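Pulled from TrEMBL:
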type: DOMAIN; residues: 5-136; note: domain 'EamA'
type: TRANSMEM; residues: 33-53; note: transmembrane segment
type: TRANSMEM; residues: 65-85; note: transmembrane segment
type: TRANSMEM; residues: 91-112; note: transmembrane segment
type: TRANSMEM; residues: 119-139; note: transmembrane segment
type: TRANSMEM; residues: 145-163; note: transmembrane segment
type: DOMAIN; residues: 149-273; note: domain 'EamA'
type: TRANSMEM; residues: 175-194; note: transmembrane segment
type: TRANSMEM; residues: 206-223; note: transmembrane segment
type: TRANSMEM; residues: 235-255; note: transmembrane segment
type: TRANSMEM; residues: 261-280; note: transmembrane segment
C-alpha cells in the first residue's frame, strides 16, 4: 500500500521528537534545528551530486529561486517554533499542535489560495480550535502557555509552507530542489540565531543524539514525500496523524508522561477536525 509510507514518516517524526527532547538537556532548540537541517542538507547534496554529477550546480537554482527562499524561510520559522514546543511540552501535545496546519489552511484559503471555504470547513476549524483549548487547558496554573502558543504557531507556518509547496508544484519545480533550499535556509537561519558564543560542546555522549535527530527527520521527510507522490492524498493525510499516536506511546514508554482525559479529548477533537478539513478540501477539488 503506497500510502503506508506515511506510517514510516509518522514513526520517524515521532522518533525525531524523542531525540529532540533528549537532546534539549544539552542543546538549545536553535542548535537542534541547525543539526537537524545540516544532516538533511548533506544527504540531499550527496543525492543531487549522484543524480546530476558535474552539472549539479546548474540544477540548483532553477527559474523560481526566490520562491524557494520564501518557502524555506516560512518552513524555518515553523521548524523553530515546533522544536521549541517539543522541548517544553509532552511529545503528543507538541505534535498535535503542529498538526493543526489543515485547520489554518482552511481558515486562510481566501487569502493564500484565493478560494472560499465552505461552512463545513469553517466548522472543522472551530471544532479543531476547541480541541486545542482542551489540550492546552490555559485555565490551569503551571501550564506552559508560551510553548503551547509556539506549537500552535508552528501549525500556522506549516500551513503557509504547504501553500508554497503547492505553488512550486504548479510551477513544476522538482521536490528535491524544494527540500534542498529548505535545508539551506534552516541551516543558515539556525546558525545565525545561535550566534558565535552560544554553541554547546558536542561529545561522544551527545553526537549520537544529534545524528538521530537528523536521520529520523530526513527519513520522515523522504517517506512523506514518497507517500504524497504515490498514495491517495486523503489516505496519506489520515496516516500522517499516526505521528500523534506514536508520540503518545513514546511519551508513556520513555517519560511515563500521561496526559489527563480532557487533554486526550482535545487531541481527539483536533485530529478529527484536521482529518475532516483534509477530506473536505479533497472533496472540493473533485467537485
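One-based numbering along the chain as shown.
Glycine is treated like the rest: Cβ placed from N, Cα and C.
Any TrEMBL annotation is an automated prediction that lacks curation.
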Residue counts (helix, strand, coil, in that order) that DSSP gives for the domain 'EamA' (149-273): 101 helix, 0 strand, 24 coil
Three-state composition of the domain 'EamA' (5-136), taking helix and strand from DSSP: 110 helix, 0 strand, 22 coil
Highest-contact recorded stretch vs the transmembrane segment (206-223), from 33-53, 119-139, 175-194, 261-280, CB pairs under 8 Å: 33-53
The transmembrane segment (261-280) in contact with the transmembrane segment (119-139), cutoff 8 A, at least 3 CB pairs, sep 6+: yes
Chain residues in Cβ proximity to the transmembrane segment (65-85) (below 8 Å; excluding those fewer than six residues from its ends, i.e. six or more beyond): 20, 29-30, 32-33, 36-37, 94, 97-98, 147-148, 150-151, 153-158, 160-161, 164-165, 167-168, 171, 173, 177-178, 181-182, 184-186, 189-190, 193
Segment-segment contact (the transmembrane segment (235-255); the transmembrane segment (119-139)) at 3 or more Cβ pairs under 8 Å: no
Contact check, the transmembrane segment (33-53) vs the transmembrane segment (175-194), 3+ Cβ pairs under 8 Å, seq sep 6+: yes
Criterion met for the transmembrane segment (91-112) and the transmembrane segment (145-163) (at least three Cβ pairs under 8 Å): yes
